[in-house]
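Below: the structure, in structure tokens.
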């Protein structure tokens, strides 16, 4: 699998940043650039992947088992869990293969290893893209349920949700294959960065608008009951805190990875950017952390899903 320095993990094409001239390391030393490289032990990487894998398998199983959860909203949540499951699983697979190759326990020709790496890269990239898409789809679904409540069930139907899911998966696979094939083209990397920023803006605008509507609704209820202003202010602060956490986690977990892509285009050979490239494994670990957090935010808050999950766990014993 393509490697560069300590960057040994998925998306080997991304790890193969533009080759620096021979004097780059010397230049970095001359300028006194000090690199802060956060090493991610293989055990920690595998542990994070395993936790995410178990969490998201439970979410998919619970939604599949309970027919009451076969609605458009849970369809998107289930697909988000499946995407996160693939992100974690593919990372665990490549880490395990690398460890086996390094230990000499697995013997394979270079061509076979390269083909395996390409397959894993496509799975990882497509699952990342689909994960971002389903986060956006969940935001749109919630927005429609609030602002078009009376027409929600006629607008967001299960067949339409299934078509949207199919379109997201197909587009994610196609774009990931395109990305892996043309990873060394700046335009492809910039398209991925623009896509991330578009999802971030979409989610921020929709959730802020939903928060504003919720605050207006709470203010109206307070007026009807002749309550004082502090109650409404407390609700607004709580909603703002929730929104900050939701968007903050999204940005902190995904932002560094797309910053990495941006810097590959802008300054592939600059010493400071080279220092950031050394933390590619950390950026992947943050994405896996997001896959761990997603079920806590979008799935496990549902009482119906928690009840089904409890039944599944009890039946398994």
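If you go along the chain as it appears here, the first residue is 1 and each next one adds 1.
Note that Cβ sites are derived from N, Cα and C of the backbone, with glycine treated the same way.
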Range annotated transmembrane segment in Swiss-Prot (choices 192-211, 212-231) is 192-211
For Swiss-Prot, the entry transmembrane segment belongs, out of 73-93, 94-114, to 73-93
Checking 15, 29 against Swiss-Prot, the one recorded as N-linked glycosylation site is 29
Query raised in the report: Do the transmembrane segment (38-63) and the transmembrane segment (280-300) share at least 3 Cβ pairs closer than 8 Å, excluding pairs fewer than 6 residues apart in sequence?
Result: yes
If you count CB pairs under 8 A between the transmembrane segment (73-93) and each of 119-140, 164-183, 192-211, 280-300, the winner is 119-140
Residue 315 (S-palmitoyl cysteine), Cβ-centred 10 Å count of other Cβ atoms over all protein chains shown, is 8
_I'd like to know if the transmembrane segment (119-140) touches the transmembrane segment (280-300) in this structure, counting it as a touch only when three or more C-beta pairs sit under 8 Å and are separated by 6 or more positions._
yes
Sequence-distant contacts of the topological domain 'Cytoplasmic' (141-163), meaning Cβ under 8 Å and at least 6 residues beyond its ends, amount to 70-73, 75-76, 206, 209-210, 213-214
